[in-house]
Every structure is written in structure tokens, then in C-alpha cells.
Amino acid sequence: MEMTRVRKRSIHLSKLYSLACFRPTPTDEHAQIGQKGYSRVVYCNEPDCQEQIRLNYRGNYVSTTKYTAVNFIPKSLFEQFRRVANIYFLVAACVSFSPLAPYSAPSLLVPLIVVIGATMAKEGVEDWRRRLQDVEANNRKVEVYDKRSCSFRESKWKNLRVGDLVKVHKDEYFPADILLLSSSYEDGVCYVDTMNLDGETNLKLKHALEVTSSLHDAEMLKEFRAVIKCEDPNEHLYSFVGTLHYDCQQYPLALQQILLRDSKLKNTDYIYGVVIFTGHDTKVMQNATDPPSKRTRIERRMDKIVYVLFSTLILVSFIGSLFFGIETKKDISGANYRRWYLRSDKTTVFYDPRRASLSGFFHFLTGLMLYGYLIPISLYVSIEIVKVLQSIFINQDRAMYDEETDRPAHARTSNLNEELGQVSTILSDKTGTLTCNSMEFVKCSIAGTAYGRGMTEVEIALARKRGERLPEPMPIDDVDSGTSVKGFNFRDERIMNGQWVKEPHSDVIQKFFRVLATCHTAVPEKTESGEIVYEAESPDEAAFVIAAKEVGFQFFVRNQTSIKLHELDLVSGKSVERVYKLLHVLEFSSARKRMSVIVRNPENQLLLLAKGADSVIFERLAKHGRAFEAQTKEHIDRYSEAGLRTLAIAYRELDDDDEYRLWEEEFMKAKTYLTADQDVLVDELADRIERDLILLGATAVEDKLQKGVPDCIDKLAKARIRIWVLTGDKKGTAINIGYACSLLRHGMKQIVITLESPEIEALEKRGDKEATAKASLASVAQQICDGKSQVARELLTGEPPAEFGLIIDGKSLTFALDKSLVNRFMDLAMDCATVICCRSSPKQKALVTRQVKSVTSKTTLAIGDGANDVGMLQEADIGVGISGVEGMQAVMASDFSIGQFRFLERLLLVHGHWCYRRIAMMICYFFYKNITFGFTLFWFEAYASFSGQPAYNDWYMSCYNVFFTSLPVIALGVFDQDVSARLCLKHPLLYQEGVQDILFNWLRILGWMFNGVLSSIIIFFLTTNSITGQAFRRDGQVADYAVLGVTMYTCVVWAVNCQMALSINYFTWIQHLFIWGSIALWYIFLMVYGSLPPTLSTTAYKVLVEACAPSVLYWITTLLVVISTLLPLFSYRAFQIRFRPMEHDRIQILRSEGLEQEHDTAQRLSESPESPETRISSDLISIRIDNLRASPRRKNS
């Protein structure tokens, strides 16, 4: 460890880097320090001083919970009573204490308390889990400087204060936003992993101010006093403005000196820093906005159904009160009493023939409570229980478990399960989502010769697209490779194992790999096993260094002034150590598109080694350095077509004369300038030296497609789900990846919208922004119009129209989303099977998602893996995060997370289809059973002269939704399957049942409601006509009010549970237990409740044991009524399956008649190389299956 520390202290990386990434320059914003928005003051190493205490900044305690112990009950109650149905039942419970109530108050209050209590308990448990996560984060340990003991002591994160000095060690997270003072490197450099903040895997290089970089031990920190004045807390992750007042001097601060909370220290033993922002003031917490509230389409429609039921409730209550008023008014005619037994002369206001209108109004209020059972009180809590259980099944699905990352699928919210079955459009990121975001060195071009065996998946797809015959396409992974090395997938016997020395241009090959081994900013680390690993700023850079190492140019030491390699000596054939003196690093930037290093080799030659984009390197080549230009360009084009990322490699020998010395002097002077023009000046000087290069070759690294992506996309396309790809890649790469992963298919016509035209480029060079924007808008408008015309012509041909793929670049997309064009653009996009948006910014991704959601009015799903995808995920109806290489930002913002893109197929086609079907059937059945029960109350009230008398005992009604009919419907919502998972994947068209909302459209909902009304009519009239007016008991007594109520209630319980049994496609023992157990529970309840004293059991007193059970008529009536009630649904389903089958019905027919195996055989034969015999056999089987599918339609016609 001590050796490592010494080594790191000897590295002055700040002396090597060329650009002003370390030395912040004063800007206009620095002049605003002390004004509004820039008023924060931090007293470093003095958190207890009076000035700091008076400022009263927040502590470092962080809470992400929704509730606290104080506000849990009022806040959660408010959440529950935002639902209209719950407000209704609360009002009804309050009114039930008045004489208006047709039943006792406890019979309504107890179920309401149970339902509300269960939901609140669920909310409380979920919030408690969030609290436990907060406790874990707040109690992490960090070392804080103690001035009294002049040493660092451990403290919890939550106890940190603004101004504290902290020491953070390697691989630890930063507990707050910290100003970097110094590090284990002597010049204050440190590496930071910001994966949790921005999703990027490359390390960021941070640098302390030179004035504080010498603070290396506790004794030196004892006397450290400074004041920081900076911006107020804000959410901007990529900017910081402040000044450090130290030793009577002011030093400008920028983002390069700031270490943000939740980022991690890497490749640096330790750092010292001072806390600036704590807790919810930190930038990461300022960005932690609550995710948008998402509601499913089924939920929104369910609200409308509840309103329909409320309207029905008001209507039947009005009808009842109207007839009650009419009948009441007739009871007194002069001095005559029509219904004398009601004693109209001695009545209350609730029944007063003299004030019939007022009595009718009070009866209306009574009816509102009586028919309240039309509204299912347990619907919401039942749905929440079902969704939680469905989420558990999603989480535990082993078929969606990713072994490589050890991550299962995870439903982060249970509210959107059914929405997974209704996705119409998928919007996907590319890098890290469709691809692995793990760069591998696979091919290279050196001295005009292409090296690297095998073909990428993109190359194979391109060859098939062109119709080229590939006798045996050999994927790169299948080439014999020996030991697998991460980042290196290069296979070529001409290069490996030292064989490159036998190549004609071995000297060029040697120079090529020397450039790869030295032109970088990577730092080597030795593991405990002695293996060298590299910490690099990007995956590409790591791949280059690893490639050089594998070929025989091992980079193993970096210090302040040199880089050391182990190289294969051409003469002796042995590995020798070579030391390259490192003079300058001209680092990569998006504007420069290249990187260079200036070194002196052991032969005392002064060399400039460069790598960069081919367009940049080729224009800087010397006349004598273009020997391999034509071949290299050809290879680069071929690599780009194959979806590989390319860089050109070149070098230059510098003359160690006055010209170089003069350049170096100017360059060093430019680096020390503290002006706003510093970056421009340094860039110009770097450009001056990076000239007259000699081309060596080009590299090709692959960001591989994830396993199973093409098959997954193909299956989703067969399910008629539109797929959009929103990527930051350039057009050519995106198109080729599109072919590789089956987004663009053979025969699909392309519509390309781009602004890469000579006219637009000429205007851009002139710098006339207004004219450029106007011309660009017109160009995009014309291209959209041409695209629509092309689609229209295809539709008019009369032949089966070809599929279209739309490709648009980022510049064009900016104008396509303009108000004047967006509708036309979206119309064109909706006519295309695939849309690829290239060079898209995160904001454009979110805007496109919003437009797709708005225009289609159907469910959109966004899937991504990086922080740049967060806006898109939150904007879509469903956000799916891939827990891959790019950190957890996308996962944290998502609704569901999976380990690989291919699991999306199962998530949608299996779980999505099942969840949609289960929830839709469950809600329809809920309304059916409540309408059936509620309307028997209405028919009975009409039978009893609209007297407001309930047909059933109070506790019968209270227990109906909670005990006797709730468990079977929950079992339906959790376990039912129309077809198995295997058949869901085999028949992706089945998914369209959810997209078209076949199972929850208004026709189907009204059909279930009509079935409920019909069932209530059958139950009431058959029951009353069967048991009234004749002897019911053995002693000749007729059925009284209590017997009629029990018999009718028994028929309702049997009928609705048997209807459930008819609707279920997939029985488990749990469903049998719940259905038949609910019926049995009714009889048990009746016996137990009926055994209580009459003062408690009232009309239920021994009614089953003494009256109903001994009567044969009771059992015969129950059987007759239940069979009659089931006949309408049974007849309808029989007709539907026979003459108008839905997709799942057809699959079930196929399976039941034994043709599923034949269908499998046909599918396998169609996918294999066909001989004439197999083709005929396959056609016969397909014809037979098609005939079976068509037979119901023929019979119907």
C-alpha cells in the first residue's frame, strides 16, 4: 500500500494535460457571487463558528419517505378518500346512524374500516421499506476532521455539517457535495465514478486547486481556514460557480473541483475535501423529483364505470322514491285509509301520506344507502392485492433472470401491470439497451491490410439483406479464441502469438500497437493475483490498451514523466522493457474528435502519436503519409457498415529544433492563462502541432448486440407492436444495427429524412443562422411530404403494401417537432413499422415520447439503461429500465426493470397479456356480481311496495363483498391463464387482444352489466314464484320474510361463484378452494350467526337449521335458479367459440384438437432449409391448420 501511495504521489497528471479542464477560469457568472442565486457562504473547517451557525443550512439527513409518524394517518386517509366510492361509503356510514338507514350502522362501518385499513396498511409497509433504505444511507460512515485531536474520526453521514473537512477512501461514496482540496496524488488529481448520477461508466478526472493540493496530512489541515462563496443549491449536475477565499486571495471554482454526493472515488487512495452542500441541498437530491403519477387506461375507464353505477344508483333510488310517494299519497283518500294496517293517522315524517313529497325525498336518501351495494366497496383493495401478487410473480419469474448480472426482473410499481398488455409502441435506446455497452476490440486495418477473423451479427445481417450466399457465416464469438479476455475479441493467427513479426509491414504493425499502448489516459492497477487491470475514462480506451497488451505491448507503469511498456523485441524475440518519456497529453474532446500524446522514445526520437475520427485524421495527413489511405478508407467503410466504431491511428516524428521548442513555450504559456479565451488558444496550438501525420491504420471496436435481441424484436413485430429507436449514434451505424436486430427487415422500404445536403451545409458555413433554420424547416417539410406520397403510392398499387422504415437524424428531428410540422411528421411515422431517430438528445427523446403518446392515444413503453433515458422513461406510459452497465439512474426512474432487452418479450407477451386479461375479467366480474346482488334488492323493494325494506339481513349484505365473493375474484386476478406462457410466445398475435382492448371495451362491460341485471331478474322471480304461496316447512308453514331472504341470498352466492367457475380458463387447487370454500363459508356463517341470540341474529335466528335445511323445496329451488342463471352466459360462450372465436379461443381449439404439435412441426420446417419434399409437407400441415381456423367462419357465413 505504501508503494502505491508513493507511486501516486509522483504523478503530476495536471502537468501533462493540455486543456483547461483543471484550472477554472473566471466567467461572467463568477461576477454574480453574492447576488441572488449565488449567496451561499461556507466557512471551511469552522462548522461551529457563529457566522456558520447563523446561516442555519440543512443537515445531511436525507428522507425519501412519503409519510412521517405524525402525518401518516391524516395523509393516508386523505389519499383513500380521494376515491369517489370511498367518500360515498363514508357518507353512507355516517348517515347509517340516523333513522333513514335501512340497516344497522356497524354492518356498513365494519367493512369500510376493513377495506380502508387494509389499504393504509399496504401504504405503511411500502413506506417503511423506503424508510429502512434511508436509515441505511444516513448511517453510513465517513471520516471527519476533529480540530481538537488533530485527527480524523468516524462519523455517520447524517451528522455531517456544512464546512466539515472529510476524508474519503477509494471505492467509497461521497456523503455530500464536497470541494476537493487534495488527494493521494501529489497534485490533487482523483478519478470519480458518476454512474449513479449520469449513467456514464467512464471515469471523470477531477482536480483540486493548486493552492490546496499540498494539504496532505492532518497537521497541515489544522491551520487550514478559508471561505467559499458559491451558487445556491440547484439541480444542475454539470455546472458549478464559486470562489475560494484563501490567504487573502480569490480563486475561481468550477465543476472540476466538486465531488457530488452518490458518486464514487476510484483509482485514488483517498481525498480530502470540505462539505459545501448537505442533505436535500445536494445536487443529486435536488434532481430527485417525484416520478409522475401514472394511471392505466383500465383504471381511468373503471372510474367512468363507477360514475355509471352511481348514475344507476341515483336512477333506481329516484324510481323507488317516486313510486313510494305515489303509493303513500294514495293511502289517504278523504277519510278512508287504503292500507289501514300501516296506521297512516299515526306516522313519522318518513311515512306521511299528507306530506308524500317529503316522505318520497327521505325515501330517496334511504334508497341511496340501500342500493349502495351496486358500488363494490372491496373493488379497489382487491385490485391492489391482485396487482401486488402479480408483481411478485413477475419478480420471481426465472425465465427473466439474468445470470450474468445476477439480476431478476423487478416490478418497481404494481400499478401498471395490466398496461403491459396494451403496449402499442415501444421507444428504445440503442447503446446499452439493444447493445451490451461493453466495447471489444474485434478488427483492425494496418498498412492497408485488414486483420480480424469472423463476422459480426451486423455483417451477417447485411449479407443476407444483399442476398449474398454465406456458406458458413462464422460469428466472431465462434472463432477459436483460447482464453476469453474482457474487451478483446480479436482473432487472427497472423497477428497473435508474436506472428505479426512475419508480416510484410511488421514495422508498421509495431508502431500501430505502440500508439495504442501509449496514446491514452488510462492508469494501470495491479490486483492481488498480480494481474494488471486498467482504469480508463471510456470503454473504448480500455479496449485499445487491452488489445495492445494481448498482442505483446503491455502497458504496466505510468508516472509523472513516463510510460513503461513490455514489448516484443523484433531482433531477440524476447519481451523487453521500454520507457517512453511523456511530455504532453492533448486530450480528446467532442470538438477536437482526436487525442494525441507527445513522447520521447528510448532512441531519443520525439514523436507525436494520435488517434481520432477518420475525417479529422485524414485531413491532417502529410503527403508522404498517405500510402495506405485508400485501403484504410475502404476498410473503415466496411467496419462502419458492420456496426463497428472506428478510429484512425497515425503518428509524426517531430524535429527537436527551434520550431518545437517555440511551440512548447507558447503552449505552456497558454495553459497558464486565466482568461475566457484559454480553451480556444490551447486548441489552436494543439491543432498547429497535429499536422503532417503518417497514417498507420484504423481500429474497429464492437458494442455487441445483446443476446436474443433480433428474435425478441421479430416476435414483438409479429405482435404488431411498433418499435422506435432513439439513439445518439450516427445514421449509418444506426441503420446497420437496425438490420442486425431485425428492426429493418428485408423488403422494407426506407424513408430517410436528413439535412446532410450541400445547400444546408453551405448556409451553415456562412454562419447565417436564420437563413439556415428557414431552409432546414422547408427541407424537412418537403421530405416529410415526399415520404407520405411514397406511402400513399404503395397503398394504391393494390398489392400487399410493403413495410416502411423511417430514419431521421437529430437536426431534422428538431425541425420535425416544430409546431407547424409535428402533426405531419407523426402521421408519416405512424404509417411506418419502424422509426429510427439518430443523433437524438435526451430532451428530444422525451419530446418524441410525448408526441407518440399524444398522437396515438395508446399505451407507449420506453426502455433504456442510462441517465440520458430518464426523461423518456418518465414521459412514457410505462418506463422499463435495463439494469446493465450504465448505472442505476434509468432503473430508479423506471416502473419495471429487467436485466436484458430480450426479457421484454416475456414481460409483454406473457405477463402483460395475462395481467391485462386477469384485471379486465376481474373488474367486469366485480361489477357483474354487485349488479346482480343490488338489483335483487330493487326487485324486492318493488315487490314490497317500495317500502325501503331490504331483502336481506344487515350482516348478509355486509359480508357479501368481503367474505362470500371476494376470494374467488382475487384468485381469478392472480392465477387465471387463457393459454400457457409457451403458447403466448408462440402466438404473438394474441397480444392484440390487449392493444385493441377487446376484453374491456364498453360493449363487453355493458354486456356483463346486462348479464348482472338478467341474473338478478332470474334469481328474484324464480325464487319468489317457487317458494311463496305454498307450504315450505314440514308443518305446513309458508316461507316468511327470513326464509325468502336466505333462499334468495343462497341463490345469489351460488350463481355468482358458478359464473366465476364458467369464466375461468385455468383451474388450480386454490381456485377450487376459494370458489367452493366461499359457498361453504356462507352456510357455516349462517349456522354460526343463526345460533346467536335473536337480539343479535334477528331474522337469521336458526333459519338454516330449523327452516331451510330440512326443506327439500329450498334445495330444489337453489338448484333450479342457479342452472337458469348460468344458461345465458353458457349459451353465449358456446355460440361465440363456435361461430365468432377470439384469438385465444382459436389457440385453445388448436390445442384441444391435437393440432398444436403439427403447428410446431410446420414452424420448424419453415425455419429450416427446404427441400421440395419438406416444402410440400409443410404446406399441407399449414393448409390443414388454416382450414381448421377458417371452419367456424365458413359455417357462420
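In case you wondered, yes, glycine gets a Cβ from its N, Cα and C as well.
All TrEMBL annotations are machine predictions without curation.
Record features (TrEMBL):
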DOMAIN    42-103  domain 'P-type ATPase N-terminal'
TRANSMEM  305-326  transmembrane segment
TRANSMEM  361-383  transmembrane segment
BINDING   Asp429, Thr431, Asp865, Asp869  Mg(2+) binding site
BINDING   Asp429, Lys430, Thr431, Glu541, Phe588, Lys611, Arg645, Thr727, Gly728, Asp729, Arg839, Lys845, Asn868, Asp869  ATP binding site
ACT_SITE  Asp429  active site, 4-aspartylphosphate intermediate
DOMAIN    891-1141  domain 'P-type ATPase C-terminal'
TRANSMEM  919-940  transmembrane segment
TRANSMEM  955-975  transmembrane segment
TRANSMEM  1002-1022  transmembrane segment
TRANSMEM  1042-1062  transmembrane segment
TRANSMEM  1074-1092  transmembrane segment
TRANSMEM  1112-1132  transmembrane segment
Asp865 (Mg(2+) binding site): tally of other CB atoms within 10 A of its CB: 31
DSSP helix/strand/coil residue counts for the domain 'P-type ATPase N-terminal' (42-103): 27 helix, 3 strand, 32 coil
Fewest other C-beta atoms within 10 angstroms, as judged across Arg645, Arg839, which are the binding-site residues: Arg645
Nearest of the binding-site residues (Asp429, Asp865, Asp869) to Arg645 (ATP binding site), judged by Cα-Cα distance: Asp429
Same-chain residues near the transmembrane segment (1002-1022), Cβ under 8 Å, at least 6 residues beyond its ends: 301, 305, 924-925, 927-936, 938-940, 943, 1048, 1051-1052, 1055-1056, 1059, 1117, 1120-1121, 1124-1125, 1128-1129
Cα distance (Å, whole number) from Gly728 (ATP binding site) to Asp865 (Mg(2+) binding site): 13
Neighbours of Asp429 (Mg(2+) binding site) among the binding-site residues Phe588, Gly728, Arg839 (Cα to Cα, within 10 Å): Gly728
Candidate ranges 919-940, 955-975, 1112-1132 - greatest C-beta contact count to the transmembrane segment (1042-1062) (under 8 angstroms): 1112-1132
Confidence summary (mean pLDDT) of the domain 'P-type ATPase N-terminal' (42-103): 80
Same-chain residues at least 6 beyond the ends of the transmembrane segment (919-940) whose Cβ lies under 8 Å from its Cβ atoms: 298, 302, 305, 309, 316, 320, 370-371, 373-376, 379, 382-383, 386-387, 417-418, 949-952, 960-961, 965, 969-970, 972-973, 976, 999-1000, 1004-1005, 1008-1009, 1011-1013, 1015-1017, 1019-1021, 1048, 1052, 1055-1056, 1059-1060, 1063
Between Asp869 (Mg(2+) binding site) and Arg839 (ATP binding site): CA-CA distance (Å): 14
Tertiary neighbours of Phe588 (ATP binding site) (same chain, Cβ under 8 Å, six or more apart): Arg594, Met595, Gly612
Other CB atoms, at most 10 A from the CB of Asn868 (ATP binding site): 23
Other CB atoms, at most 10 A from the CB of Asp869 (Mg(2+) binding site): 31
Inter-residue C-alpha distance, Asp869 (Mg(2+) binding site) and Gly728 (ATP binding site) (nearest angstrom): 11
Among Asp429, Gly728, the one of these binding-site residues whose Cβ has the fewest neighbouring Cβ atoms within 10 Å: Gly728
